[in-house]
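**Q** Quick one: the structure is below, questions incoming.
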Amino acid sequence: MGETEKRIETHRIRCLSKLKMFLLAITCAFVSKTLSGSYMNSMLTQIERQFNIPTSLVGFINGSFEIGNLLLIIFVSYFGTKLHRPIMIGIGCVVMGLGCFLKSLPHFLMNQYEYESTVSVSGNLSSNSFLCMENGTQILRPTQDPSECTKEVKSLMWMYVLVGNIVRGMGETPILPLGISYIEDFAKSENSPLYIGLIETGAIIGPLIGLLLASFCANVYVDTGSVNTDDLTITSTDTRWVGAWWFGFLICAGVNVLTAIPFFFLPKTLPKEGLENNADIIKNENEDKQREEDKKEKYGITKDFLPFMKSLSCNPIYMLFILISVIQFNAFVNMISFMPKYIEQQYGKSSSDAIFLIGIYNLPPICIGYIIGGLIMKKFKITVKQAAHIGCWLSLLEYLLHFLSFLLTCENSSVVGINTSYEGIPQDLYMGNNVFANCNVDCNCPSKIWDPVCGNNGLSYLSACLAGCETSIGMGINMVFQNCSCIQTSGNSSAVLGLCDKGPDCSMMLQYFLILSAMSSFIYSLAAIPGYMVLLRCMKSEEKSLGVGLHTFCTRVFAGIPAPIYFGALMDSTCLHWGTLKCGESGACRIYDSTTFRYIYLGLPAALRGSSFVPALIILILLRKYHLPGENASSGTELIETKVKGKKNECKDMYQKSTVLNDDELKTKL
């Protein structure tokens, strides 16, 4: 082997190892960014309770991530290809770490969390003033001190979470468009789907870790270490419980910063995979790079921005794909963001259990689906037309399975005075909504404080006082209330803290719901890679970075930002009882009408996703008229794969969107 051949072989191995290193680094970046995102989505309920804010405001805080993202996405997607893409991604990871750190700050700046209760949290139960006593008073009665009211009601500490989420969104901006375009530019076209599938697998591993971390943190009391948890009168299943949401954000911050390190040691460009050992190709690529630099100096870096935008805007497949993405993102953003809350309210699980079950049942099937989808694309060399059909029909199959979720339901929790009468008549038959009755009218009970107890008659009551309970035994969460005049039972009437369980039938329904969710996740993820390849292959290679960025921008603006807000507002409309702050102001919602909640959570996404199949079918029709590999060119927008045979029979794919390249143009491109 001559000196030249050795040098070329060494160059090939070095370039290949750098591409693999970038693949590993970008996969880790996807892990870290999705870890942070899934943890944030899982902690929305904890943030809602910590700051006593409505779900619509929590939705706005969640959507603020998209605001930070869209501030930079177009410019990063376009200018990022002109700059050093790996370094841009590394800087983004550092900024994400900063955003996660900002979100944890309120915990260190606020006082200890106080939940509403008629029972003393301190454990000093020498007085039974929280029970039914004529002319009695309750321990945490609303105060009239104006200074305390101002401090309690007008706290804006949630602004730190809002700003931190915006910063995290800005940091995540370069990872997707620059990472995907870097792989597409320097990987073989037949390897690209597999590589993207591996990256998307990393995007599933991150949420799995994030959900497990969130499950752990949600089960740890927010002020653990500062308070004696044995004195608490609530458990993790109580809607007043707040987990250690701040702890996970600190972990996410550290992971994001560590992930950034490798990108600062990767090159700006690499030879095309498979062409590293061709000296002529290497020489031509170097000449192309030099011409590109000269072009930038002569015309400026923004010369082709508007032509690219115009070209993408006139691409019907690209624009229809954006429309589909916007509609489906509106559905999935809502379902993913509020799935823990749905499982809590519908099936009576704690936040920690709900988050854990989502991670165990949903993420592994998604991960497997991404890998299989990428392998199918690589193994069978799926064309754009075939990929579009696979994505469309698999999505339709998963959509039809979604309707089975409407059958997997549980009844509303029966809370006397809210949706049930003192005689046990449900709300649809009992038209009143009065928390007082003859059995407790003289007890001087607060009517708004949420401190539920479960009677031995199977009904829940707003508080032990409203249940007419006169005595209690035990401490903390083991407290038992006795001689409850409002609990109608044949024996001794008693009650324990917390809402009544929904029963074994509801647990079985939850198992069916999770199994159906796992099946749906697998089928949809199986269609994700073919669908994404339709997006990538309907653009010219030089437009891909901007095209992916514009696609992300549109989904952020028209789905990521508004969806959690209007969905949260719809959920607020189903609230049956709001929490009460010290000064009588409304806090977070404590219980929802689970039937209406279910119709909104399942029905609205179903309607949105159903409408997305109209543009999907139009894409399939348009693709029948397009020139695909092996066919003749046709007028209009076209997808061209041009095979160029050189001295050593190397091939290079070219995709042309509007007209067929002539020979001179083709030589210039190559």
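Each residue, glycine too, has its Cβ placed from N, Cα and C.
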**Q** Of 60-80, 459-479, which span is tagged transmembrane segment by TrEMBL?
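**A** From TrEMBL, the annotated transmembrane segment range turns out to be 60-80.
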**Q** What stretch, picked from 87-105, 157-183, 242-266, 600-623, has the most CB pairs under 8 A with the transmembrane segment (195-222)?
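**A** The listed stretch sharing the most Cβ pairs with the transmembrane segment (195-222) is 242-266.
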**Q** Taking contact to mean three or more C-beta pairs under 8 angstroms, with sequence separation of 6 or more, is the transmembrane segment (242-266) in contact with the transmembrane segment (600-623)?
**A** no
**Q** Which residues of the same chain, at least 6 past either end of the transmembrane segment (600-623), have a Cβ under 8 Å from a Cβ in it?
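**A** Sequence-distant neighbours of the transmembrane segment (600-623): 316-317, 320-321, 323-324, 327-328, 330-332, 334-335, 338, 342, 384-385, 388-389, 392, 395-396, 399, 402-403, 405-406, 534, 567, 570-571, 574.
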**Q** Take the transmembrane segment (60-80) and find every residue of the same chain, 6 or more past its ends, with a Cβ under 8 Å from one of its Cβ atoms.
**A** 37, 40-41, 44, 47, 88, 99, 158, 161-162, 165-174, 177-178, 181, 301, 305, 308, 337, 545-546, 548-550, 552-553, 556-557, 560-565, 568
**Q** Which residue counts does DSSP yield for the domain 'Kazal-like' (433-488) in the helix, strand and coil classes, in that order?
**A** 3 helix, 11 strand, 42 coil
**Q** Do the transmembrane segment (157-183) and the transmembrane segment (354-376) come close, with at least three CB pairs under 8 A (pairs 6 or more apart in sequence)?
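**A** Touching, no - the transmembrane segment (157-183) and the transmembrane segment (354-376) miss the threshold of 3 or more Cβ pairs under 8 Å.
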**Q** Per-residue pLDDT averaged over the domain 'Major facilitator superfamily (MFS) profile' (22-627) comes to what?
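**A** On average, pLDDT over the domain 'Major facilitator superfamily (MFS) profile' (22-627) sits at 83.
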